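Let me begin by presenting the structure, written as structure tokens, before commenting on it.
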């Protein structure tokens, strides 16, 4: 028997060691049985010093790795099919994603662009869906029924102020930038009287508490007191107005606003001269009101002062100074000799004339922008509205902080409070009119659609609690005033 040399033996051992480490992993689509048989053949064809149990474990692990690679390959095929589908969807936009030709940087760039497009589409769809959901909630949770009753169209420019007469016959008054003030029949919408005595924008109109006399403030730096005589026309059958919830809304364009040219106000009997002209201001007179009893009137001006006049003599009784910037509004208490003035200096002031020998003033600071109006309510409360998009309810006995704050999404213009029902009507720059109770709970939003509602900024509101048809009036820069019937359930008022 030949004897193997030492060098040959060592060479053969090295060869066997290299062979034991030459296991390869091959991609295959064979069945599990074929794979197992192949693994046995490989195992038997190898001369390894490893125990059989360890070799079996290694073969099982390598088999698991091979199956993982197969799963990755299948996923790769699925991704290819998805890329083809995306290419078809983006073909209309001139974009394709070819996984075979794109580098990693190109694929990342186009994938990012496609993702941003899909993200934008998702945002648009989400916004539309949530808008529909919110609209459905608003429709079902409306707290009041708001019905448009009559539109009063006749001015040739925006309407700044609206007011309701306190004596019979009850008429509606509007003050406009077209230099006129018009009186209307509430029931028929017919113009009854046109006051043409001002040579500037008419910014405010208020009716005397006991006589057929009106007080108007104007940009011509004067306030006029003038008498009117009206005879109400025979009421016509009311037009059929669709009853809408106070939360419905449809956007419309300015081109749909009524045209004041050729209106029915041209045949109104005119009043050309005032009974009295109040002329002590050096700037635009933005608002005016009667003190209780109607023997005195107060005016607010852009010259930063408010003036108190004697109506019979037209003499200036007091000049109310203290505001740092232009005044925006003035209002008198219905039963007491109190006046509140608001200003662009972010404050409003309470002037007390109940004691003839003492004329005290209190300053209310709580807004961060122009105070557009401040009005009295029942009891000892004042409600103020501001361009800072808030409305605040104050207790005259505690000026440090408001007892309620209403936050809105738009600047608030001249507000008005329904004394009997304690409801605040808020006109907004964004054409909305919202109703709140004194605790700050929203009751309704007046309808605004392509058939009804204001088409531009709503400037003022006025309640008429005793009228059987219209109990709220609004006016705006779309040159029209609107009469509404507001029905709020008694249960909500109690709450």
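Cβ atoms are placed via backbone N, Cα and C, with glycine included.
Features reported for this protein in TrEMBL:
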type: COILED; residues: 69-96; note: coiled coil
type: COMPBIAS; residues: 22-31; note: compositional bias 'Polar residues'
type: COMPBIAS; residues: 32-47; note: compositional bias 'Basic and acidic residues'
type: COMPBIAS; residues: 246-264; note: compositional bias 'Acidic residues'
type: REGION; residues: 1-49; note: region 'Disordered'
type: REGION; residues: 237-273; note: region 'Disordered'
type: REPEAT; residues: 152-194; note: repeat 'WD'
type: REPEAT; residues: 195-226; note: repeat 'WD'
type: REPEAT; residues: 278-319; note: repeat 'WD'
type: REPEAT; residues: 320-361; note: repeat 'WD'
type: REPEAT; residues: 364-404; note: repeat 'WD'
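Outside the repeat 'WD' (278-319), and at least 6 residues removed from its termini, the chain residues within Cβ reach (under 8 Å) are 161, 200, 203-204, 206, 208-211, 213, 215-219, 221-225, 325-337, 339, 341-343, 351, 353, 359.
Sequence-distant contacts of the repeat 'WD' (152-194), counting only residues of its own chain at least 6 positions beyond either end whose CB sits under 8 Å from a CB of the stretch, comprise 200-212, 214, 216-218, 228-236, 258, 260-261, 263-265, 267-271, 287, 414, 456-457, 459-464, 466-467, 469-470, 473-483. Sequence-distant contacts of the repeat 'WD' (364-404) (same chain, at least 6 residues past either end, Cβ-Cβ under 8 Å): 328-329, 331-334, 338, 340-344, 346-350, 410-417, 419, 422, 424, 426, 436, 438-440. Taken residue by residue, the repeat 'WD' (152-194) breaks down under DSSP into 0 helix, 23 strand, 20 coil.
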